[in-house]
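Swiss-Prot has this to say about the protein:
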- 1-19: signal peptide (SIGNAL)
- Cys90-Cys163: disulfide bond (DISULFID)
- Asn149: N-linked glycosylation site (CARBOHYD)
- Lys170: N6-acetyllysine (MOD_RES)
Amino acid sequence: MRQGLLVLALVLVLVLVLAAGSQVQEWYPRESHALNWNKFSGFWYILATATDAQGFLPARDKRKLGASVVKVNKVGQLRVLLAFRRGQGCGRAQPRHPGTSGHLWASLSVKGVKAFHVLSTDYSYGLVYLRLGRATQNYKNLLLFHRQNVSSFQSLKEFMDACDILGLSKAAVILPKDASRTHTILP
């Protein structure tokens, strides 16, 4: 009788652990097969970010809104430009997307871009997961894109919930407005 209860308890613990792990996997970056890349294309403000990579953002006193331009070059090829204002101008990254699956692979200009996932969007905002790294190093980056330079409460809440799931809550930053030159990265 005791062995039966012990086995039952172990099975119950195993089922609970597997269920908890699968819930994270269901949300954790998934493919965006239903994403309309033409609607997602265009200019975006980067209103918030969370990262575990050092040096991804300027110093705290120099942080301003970032910007991004997403463009479909041709069928199956996506080009993404990210810019954050720095003391000497904008820091830019131009990774390219060779397939249609939602993954963004690095071009020669940016080494170490492993993935670009759109986790959630209604085409007025986008929650984007960017994975950077080389060899055994991996860095998680979560970006909140918005068409306007202000965000809704709901999209900020979704951003913070995603930060919790990815373990980036302490690194979450809401970027202050800067209307001076963010629009200058437009092609």
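Using N, Cα and C of the backbone, Cβ positions are placed for all residues, glycine too.
Each of the recorded positions Asn149, Cys163, Lys170 was assessed for Cβ neighbours inside 10 Å, and the highest tally belongs to Cys163.
Of the recorded residues, Cys163 (disulfide bond) and the residue listed as 'N-linked glycosylation site' place their C-alpha atoms 21 Å from one another.
DSSP assigns Cys163 (disulfide bond) to a helix in the three-state reduction.
Look at Lys170 (N6-acetyllysine): DSSP puts it in a helix.
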